[in-house]
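Student: After the structure tokens below, expect a handful of questions from me.
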Amino acid sequence: MYGIEYTTILIFLISIILLNYILKSVTRIMDYIIYRFLLITVALFALTRAQNYGLNLPITGSMDAVYTNSTQEEVFLTSTLCLYYPTEASTQINDGDWKDSLSQMFLTKGWPTGSVYFKEYSNIVDFSVDPQLYCDYNLVLMKYDQSLELDMSELADLILNEWLCNPMDVTLYYYQQSGESNKWISMGSSCTVKVCPLNTQTLGIGCQTTNVDSFEMIAENEKLAIVDVVDGINHKINLTTTTCTIRNCKKLGPRENVAVIQVGGSNVLDITADPTTNPQTERMMRVNWKKWWQVFYTIVDYINQIVQVMSKRSRSLNSAAFYYRV
């Protein structure tokens, strides 16, 4: 009987010792895991605070440290700046070294050599089909032309705002717009858009669904058209699909790393009257000079004031990003 009791006590003591050993081992392992996790967290925090190498790494543009914008005449580290200008500008200047000269002038305003990019486009209409705004800050120079005033306004609305867009299959489906921020945006070499509003029985309102000629034309031979129809009503859409695409888009808000500078014209284009523009601020400015050298000199002089009303953003804009931005 005593042998059985001694055996039971011995087994109990061994179990306690074994359990104590297991608990100490688990504690050491947990301490190791926790300390490693804290070390990695501190290291990542230091890196992401030092430079923009973290999870929000920009798709394009520089990875320079972000500095507060300043209007003071002191040199500070900046990010990339893209300057978009029409072919007319380089033709009038007619100087093979004009970009290098301007780069040196930007350097005096705090923009290091190599941080300013000059991008030429042929005309407003062609530029609107495939805008490529890749820099941290983007300035688009638009020469005012009364005959292109509406095209300029639509382009400004496109590039000064962010849009979430999805493709539309107008051959199979009817579409309706859900609110003021919902627009259809068509792009291509030649876009002619016609619509036929439908009642609840899918019969045409003032048009015949089987007769395209009876549809209402809302865009003709355009390269960019932002289409707005009556909300909450289905529409049958006819489109020149061989030369144009159309997307169902929702305006998300201002694209704050883009500004438009209008060259000439009696009045600056105003897109803030659009109820979907919120907040009611615009990054559009006007300079009145006949010579392009004078235009560029003015931009260099006021570049830091211009950038101050902008905000560095990580999103880029090209035709693909515009159509499928997530």
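Keep in mind that glycine also has a Cβ here, set from the backbone N, Cα and C atoms.
Checked Swiss-Prot, it gives:
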type: BINDING; residues: Asp95, Gly206, Ser214, Glu216; note: Ca(2+) 1 binding site
type: BINDING; residues: Gln177, Asp228, Val229, Asp231, Asp301; note: Ca(2+) 2 binding site
type: DISULFID; residues: Cys82-Cys135; note: disulfide bond
type: DISULFID; residues: Cys165-Cys249; note: disulfide bond
type: DISULFID; residues: Cys191-Cys244; note: disulfide bond
type: DISULFID; residues: Cys196-Cys207; note: disulfide bond
type: CARBOHYD; residues: Asn69; note: N-linked glycosylation site
type: CARBOHYD; residues: Asn238; note: N-linked glycosylation site
type: SIGNAL; residues: 1-50; note: signal peptide
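Can you walk me through where each of these features ends up in the structure?
Tutor: DSSP assigns Asp95 (Ca(2+) 1 binding site) to coil, not to a helix or a strand. There are 11 other Cβ atoms within 10 Å of the Cβ belonging to Asp95 (Ca(2+) 1 binding site).
Its Cβ taken as reference, Val229 (Ca(2+) 2 binding site) is surrounded by 18 other Cβ atoms within 10 Å in the chains shown.
According to DSSP, Cys135 (disulfide bond) is assigned to coil rather than to any helix or strand.
In the three-state DSSP classification, Cys249 (disulfide bond) falls within a strand. Within 10 Å of the C-beta atom of Cys249 (disulfide bond) sit 25 other C-beta atoms, taking all shown protein chains into account.
Secondary structure at Cys244 (disulfide bond), as computed by DSSP, is strand.
Proximity of Cys196 (disulfide bond) to non-local residues of its own chain (separation of 6 or more, Cβ distance below 8 Å) is seen for Gly204, Ile205, Cys207, Gln208, Thr209, Ser214, Phe215, Glu216, His235, Lys236, Asn238, given in sequence order.
According to DSSP, Asn238 (N-linked glycosylation site) sits within a strand segment. Using a 10 Å Cβ-Cβ cutoff, Asn238 (N-linked glycosylation site) registers 18 neighbours.
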Student: Where does Asp228 (Ca(2+) 2 binding site) sit in DSSP terms: helix, strand, or coil?
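Tutor: Asp228 (Ca(2+) 2 binding site) sits in coil per DSSP, no helix or strand.
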Student: For Cys135 (disulfide bond), just count the other CB atoms lying within 10 A of its CB, please.
Tutor: 24
Student: Please give me the CB contact count at 10 A for Asp301 (Ca(2+) 2 binding site), counting all chains in the structure.
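Tutor: A count of 12.
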Student: If you compare CA-to-CA distances from Gly206 (Ca(2+) 1 binding site) to each of the recorded positions Cys135, Cys165, Gln177, Cys191, Cys244, which comes out shortest?
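Tutor: Nearest in space to Gly206 (Ca(2+) 1 binding site), counting only the recorded positions, is Gln177.
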Student: Would you count the other CB atoms within 10 A of the CB of Asp231 (Ca(2+) 2 binding site), including those on all shown protein chains?
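Tutor: So the Cβ neighbour count for Asp231 (Ca(2+) 2 binding site) comes to 11.
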Student: When DSSP states are folded down to helix, strand and coil, where does Gly206 (Ca(2+) 1 binding site) land?
Tutor: coil
